[in-house]
C-alpha cells in the first residue's frame, strides 16, 4: 500500500494497523537542534486517547510514545524521527463477523476491491486508530512553529451546534466533548446517550483556528496553503468535508459581503488590519496574517449495533451488526487529530517559505 506520507519539506509517514503489535510515524525533514522528548508528545496523545469517557470507545490504550531515532541528548539531529506507540488492548475476536461481509459506509469493500485482501481486525489502516500516529507527528511539527497557537473544538454533534455567543476557549478541556459552549456540552450528554442506547452513532463538525501565522506562507496555484490543508484534513479517516473560512457560505454572499475589508494597521506597520475573515486567513493560496480557520465534517461511525443490509464476499444478501468497542461519535476525538494536521501542514509551509524566500 502506497501513499502513506504527507508533506514536502517536513514529511511524515504513518505505519501500522489497529490490531497489529504497534503503530507509529516517521517524521523526516525536521530541523536539527530542537529540544524534543517523549514528554513533549505525550500530552497531545493523552487528549486523543480512547476510553476516557462513556462517549468514546472503551478500548483501553495508554498510547505511550517511544522515540526510536532522530533525537540525541534531547535534541533533534536532522535525521528521520521514528515514533512508536504499542497496541495493548486489541480484541480481534470481535471482528469475526466482518471477515466475510462488508460494513456499509466503511472502507471494507473498497479495500477488498482495490487490493484483493484486507485486515478486517478493526479496519486495519482505515481505522481511526491510525490517527494516533498523526497526533504524535503533529506534536513534533509544533516545535517547528512555536509562534503559532492552534486550537480545535467540536462545534456540532448530530446536527446540534454550539452557540457562538457562549464560546469560551477555556471550556474545551473541561468536558469530554472538546466543546467551548457549556450549554451545548450538557445537551450532547443526553444526545450521545440516546444514540449509544439505540446502537447507533452520530457525526460531528470540528472547527480549528491557528493564530500567529504570519503573512506569506503558502504558494500560488499548485501548492496553495488552503489546498494542502484540505488534503490534510480529508486524509483523516471518517472525514467527508472541509471548509476554509466561511467555506460554502461564500456562495450565498455578495461580493462586498464576502470581501474582507482592510484598514491601515493600528500598530503603525505596513500590514493592514482586516475587518472580517471570510477567507479563513488565506488569499491566493497564501496566508494573510489572520487566523487560519478550517471546519471539518466527520461522518457517523460505520461500526454500529443497528443491523444494516449488506452483501458478503460470496455476493449474498445479509444484515451486519458490528460488535466490539467503537466510538459512537468518532468526531469527538477528532479535535486533537485536526490540530495535528494543521500543525503538520503549517510547519511544512513555513519551511517551504524559508527555502524560497529566506
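Quick reminder: no glycine exception, Cβ is built from N, Cα and C everywhere.
The annotation region 'Disordered' is assigned in Swiss-Prot to 39-61. Annotation comment: Swiss-Prot describes 48, 54 as NADP(+) binding site. The FMN binding site annotation in Swiss-Prot covers 125, 126, 127, 237, 238, 284, 299, 300, 301, 302, 303, 325, and the record cites sequence analysis as its basis.
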- Check residue 125 (FMN binding site) against DSSP and tell me helix, strand or coil, would you? helix
- Task: Enumerate same-chain residues with a sequence separation of six or more from residue 299 (FMN binding site) and a Cβ-Cβ distance below 8 A; give 'none' if the list is empty.
- Result: 105, 203, 238, 239, 240
- Cβ contacts within 10 Å for residue 48 (NADP(+) binding site), all chains included, total 25
- Cα distance, residue 48 (NADP(+) binding site) to residue 127 (FMN binding site), nearest Å? 14
- Tell me, by DSSP, whether residue 48 (NADP(+) binding site) is helix, strand or coil? helix
- Query: C-alpha of residue 301 (FMN binding site) to C-alpha of residue 48 (NADP(+) binding site): distance in Å?
  - Reply: 16
- Other than its own, how many Cβ atoms are within 10 Å of the Cβ belonging to residue 125 (FMN binding site)? 21
- Query: Fewest other CB within 10 angstroms, which one of the binding-site residues 127, 303?
  - Reply: 127
- Query: At the Cα level, what's the spacing in Å between residue 125 (FMN binding site) and residue 48 (NADP(+) binding site), rounded?
  - Reply: 17
- Message: What does the structure give for the C-alpha distance between residue 48 (NADP(+) binding site) and residue 303 (FMN binding site)? Integer Å is fine.
- Response: 19
